[in-house]
Amino acid sequence: MSRPLRVAVIGAGPAGIYASDLLIKSGEAVSVDLYEKMPAPFGLIRYGVAPDHPRIKGIVTSLHRVLDKPEIRLLGNITIGEDVTVEELRPYYDAIIFSTGATGDRDLPIPGSDLPESIGAGEFVGFYDGNPLFERGWNLQAQKVAVVGVGNVALDVSRVLAKTADELKVTEIPDNVYENLSQNQATEVHVFGRRGPAQCKFTPKELKEVDESPTIEVIVDPEDIDYDAASEEARRASKSQDLVCQTLEGYALREPQNAPHKIYMHFFESPVEILGEDGHVVGFRTERTRLNGDGTVSGTGEYRTWDVQAVYHAVGYRSDAVNGVPFDAERAVIPNDGGHVLDPETGEPITALYTTGWIKRGPVGLIGNTKSDAKETTDMLLSDWREGRLPEPAQPGQEEVLEFLEKDKGLAITTWEGWYRLDAAERAAGEGEGRERKKIVEWDEMLKHAGPQAD
Ligand SMILES: Cc1cc2nc3c(=O)[nH]c(=O)nc-3n(C[C@H](O)[C@H](O)[C@H](O)COP(=O)(O)OP(=O)(O)OC[C@H]3O[C@@H](n4cnc5c(N)ncnc54)[C@H](O)[C@@H]3O)c2cc1C
């Protein structure tokens, strides 16, 4: 065929960018339009990864090399399913890949979770990472805070709550975030897990890092270091889990450090209720659990009340449905067979629709994992193309779809060149303060740099 394979990738997070890269490296002539709802690309690298993780944020540098390639065109500030429907896009492409990731929080279904100081971790992350769709101000009056969940997001939230604002000022945090964090009263953060050290989801490096700040001391009660046969097996099977257990044992056994901010890690405590008084959080109730021998736990009937004034729940992110695309509401993923989007009625693949990343398999795993996801999906797509299973689109030209988006839909599209301008503006804003960058939060201001009027 004389024209290139035309693919629309929806969502410019790591999964969408890796999928685009794999397609254009496939040996076929491929042209990708990478759609993104935000004015800037990079998904949760920009709006999830914590600001004091510059090494991870630096993955953007390698993604830059992908987006610099002429076969990929970034079309930002467009929400597929709202600004443009999937059916409207279909005539312009041979195939569409959905890589829309996740932004919301899974619920913590216990009484009291509707109190104002009971907060999803994702809300707080959206605030401190300067996502324009989230709050600009944050109530940080609580001196003692509970964080429910024992994964890396719980560590991020605990660390940001326990660090001083000045420790974070060297990062890219915007002014409103610095000002709010300067008011932070928290001196104790209590992290709660239902099961034990061998079952928690921390990764070793992140668990060690949380204790590296001179203002933070991590404390573990030696009583919470407990393993059953399945726990021992889990440690033998995973070097990473074993390292996590060793680090927690180290925290449990050492002398007090007298750092001004403490992060207590509590295991075998199952959330029961967030306690309220006059409409505000005044405590958190848990039930002590014990291991059953197979790595699961059962309640002991022994309850504890913790004196806290805010409860953050880091019990998982949740993906949203894209209008016009099947969605498995229970698992919060697009139903798929490892790549093809499946029709929920028939269980059969829907021609030319694919999915990858967190929206494909759920919100677990690191950025690197989205690469293998993308490989599986793009292999399916390319095989369908080579075998002639993709119908001919009506208008596969690059210009035709742009005209539709700009003229018929009247959309203000942000571009890759626009990202360079926004990037330069953020770097310039940081430079005066001796930092690498300072993030621009407001949507309009991002558009001012990255949008069409600056072209
Ligand atoms: C708080 C937090 C901290 C993390 N920290 C780390 C870390 O330190 N190291 C690490 O390796 N991993 C980390 N991760 C995991 C990492 O962010 C994910 O593995 C990765 O971002 C998933 O990639 P994705 O492309 O599937 O989704 P996302 O990164 O969510 O990207 C999806 C993109 O799709 C866009 N989009 C959504 N809907 C639409 C639509 N309708 N139309 C157009 N565009 C749309 C979104 O705006 C977004 O840009 C963290 C995750 C979280 C939540």
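Here the Cβ of each residue, glycine as well, is placed from N, Cα and C on the backbone.
On a predicted model such as this, the values are computed, not experimentally measured, just so you know.
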Segment assigned the feature region 'Disordered' in TrEMBL (from 166-194, 195-223, 253-281, 427-455): 427-455
Given TrEMBL lists ALA15, GLU36, LEU44, TRP358, GLY365, LEU366, ILE367 for FAD, the same-site residue among ILE24, ILE80, ILE350: ILE80
Cα-nearest neighbour of TRP358 (FAD binding site) within the listed binding-site residues, ARG194, ARG195, GLU206: GLU206
Cα proximity to LEU44 (FAD binding site), best match among binding-site residues ARG194, ARG195, GLU206: GLU206
Contacting binding-site residues, sequence order - LEU44, ARG194, LEU366 vs ligand 1, Cβ under 6 Å: LEU44, LEU366
Closest of ARG194, ARG195, GLU206 to ILE80 (FAD binding site), Cα positions, binding-site residues only: GLU206
Which listed residue (ALA15, LEU44, ILE80, ILE367) has most other Cβ within 10 Å, given these are binding-site residues: ALA15
